[in-house]
Amino acid sequence: MENDVAETVHVPQSSSDVKVHGSICCELRKILDRIASILPAMESARPGSSLGIHALCSLNTSVEKGKLIIQHCSECSKLYLALTGEAILLRCERIKSSLNQSLSQIQNMVPPLLAAQIAQLLDYLRDAKFIIDSTEEGAGKAILELLQRNDSTEELELEAFQIATSKLNLTTPKALLIERRSIKKLLEKICGTDSKKERILKFLLYLLKKYGKHNMLDAGGHKEKFPRIKSTSNIINSEKTDDSADQGDYQINKYGSVMPPEELCCPISAKVMCDPVIIASGQTYERALIEKWFNEGHDTCPKTQKKLENFSLIPNTCMKDLISKWRGENDIEILGPCAKSTSKEFRSWESSNSHSISSLKYISTPLLDGKSADYVYQSDHSNVSFISSENSNFLDSVGLKEMEISKGSSSPLFPWSADYQKYKSFSKFEYDMFLRFFNTLSELTLELQDKAVDNVKVLLEGDEETCYAMLSNGFMDALICFLTNSHEKSNVKALKTGAQLFLAFLSNSRVEILSLSEGAFPLLATLVNSQIRAESLLILERLSHQLSCLSHIVSSGIAPSIIKLLSSEDTKLVERATKILSEISSHSDIKPLLISSNCISTLASVLKDGRLSEYCLKILHNMSDTEEALDLIAKTNGCLASIVEILDIGDRDEQEDAVSILHSVCSHSVENCMLVMKEGVIPALVDISVNGSEEGKETSIKLLRLLRDLRHKECFDSSCNQPVPISEVERSPMDHSAKKQSISKSSRFFSRKMRFFSKPRSVTLF
């Protein structure tokens, strides 16, 4: 669901368009529709204070996130959606809470009538509930149970596959084909950025390819063979109930299982903690148990076995809130901080195979471990926040992210950085601290570097406040300095690390970099021709979307190197170069370079490919205000044909650019008009003039008139230039002179008529 450029989010208009989690998306859509009905009024009210502006921005951000979730559920793989249902549910809860917070703030800053409407909306929000469909939940559990096995057979794989596909209505060849395509699209999107998710998707694709040919219509006859688990509350109260009660019945709570998430349990006892504390290693334990461990003479962390620098105990208030919330939802009585619980109440930490989708991030998948190393499924919970049941305020999002990242590892976040261990946030770093962080990171192993970069990306995602604080405290200057030093030392490993950190920071597309140090862009221009070419191009591509950076990219002299890459055999490099040029080609200093490099023939061949047609057309459109470019577009072999083809197969935006280019080409000369006419452009232009976008209609009508008038003039000229019969030539000179004068007058008369009919009017074509 991630994009670096702001795009229009397509939200399905009905619940039938949503593949999975229809009830969640239906409720979310109702909320968004209600907000949309009064959002213009709220924006018109213009809450003037900084708090009001921030609340309005936050409201818009939450609305966009809600739309993205609905779009995700309508386009994504059904099997993947079923597996990540809990993550989607938690995201919706977070969006709901964020909307509630923003609306509550805005309510006090707008006129009374609008405030009353917001109050009604807040009432609706408080009553709104997101519920995962039990059938879809069962499908996710079937696949999850298979992934959690140590080994598997074809029978088990087929059984789990049939249960999941029957519950998700993947029972026809067409449905299975769509599912395969959806998974392939997901794989293309992540493209090496998340190896864990990639392995899960490849496994789902393996199941589809291997068992998709089986007749799925009888899958509904298969009964679930997954072990039933008694609710913890049922176990506690079992002594008070009649022996005849059905011990097999259980209730599914919000987490998808009655088993406590692993992160809420103490690693020593494998039981849910009452008084969680953090020790020097960054791990969290039950206070009484870790004190007992220290009193017995141990000086190491029980889980990591690393020696501790001190024995301080810091209360983990975030964890305590999460535990309190989980207990409340499952009706589990809190007996006291040191209460004992029987081994029957909770499974041990080591043997836990929780069915909870929310804990999917923290559990291993032994089945995949056997097929390929380190197959660990990790749901995308980076954006998930939990809300305290006592109040509806958000926990600190940065603290939560840090907690979630560190919970899945055996060490605290960035343990090799003394500065980070001291301040626990990049927002408090200064120039020297950033530089130390980069230098230390570059000396770690590649595995630790990749992990650290991923953690940085997660921490900064959606946290504009921290990003801007980092910029003001010298983050970017320190990073450019680090890259410059690494380049001078030819340290490719350090260069790659710096580039990855640059990209991690730029992944937050809402943060605009207003200025970079003077040497930043010349450095990037140099790195384009280095061993980190791919990373440098990706950095430049993302910077090119920011208006403040465009002129610097142009003045850095990087354009010739990027233009040369259009002819590269590496399709990825061609793609990056084309996207960058589409952004900077409107600059007056770039156009002469594009023309002199003869890149139009290269663009014509890329345009034929289709994948990058949008960007190629944008480049040609930006160049079409110069005569030299128009001549080249008209005379370059295959260029006009490719542009005309876009009129038939392109989307509306592409059609607009294509029509505009053709209009400019035809307006330049009669010869160009003839070349365009030879490509059979008329039917497509007529179609766009009726069914295209407003701009497309207007430009296509102009081009049709231009071509029509040219054709009429052609017909007139041909009739006036008919060869004179010899008998006429033999007439007297007087007669011949009179004939010439008559033709001349006639020509002037029809010329005036042509000018009259060329005035704008309803289109009558050929």
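Every residue, even glycine, has its Cβ placed from backbone N, Cα and C.
Feature annotation from TrEMBL assigns domain 'U-box' to 259-333. Mean pLDDT across the domain 'U-box' (259-333) comes to 80 in this model.
Annotated repeat 'ARM' per TrEMBL: 557-599, in sequence order.
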Counts by DSSP class (helix H/G/I, strand E/B, coil) across the domain 'U-box' (259-333): 25 helix, 12 strand, 38 coil
Residue numbers, six or more beyond the limits of the repeat 'ARM' (557-599), whose CB comes under 8 Å of its CB atoms: 521-522, 524-525, 528-529, 533-534, 537-538, 540-541, 544-545, 550-551, 606, 611-612, 614-616, 618-619, 622-623, 626, 628-629, 632
The repeat 'ARM' (557-599) - residue tally per DSSP class, helix then strand then coil: 29 helix, 0 strand, 14 coil
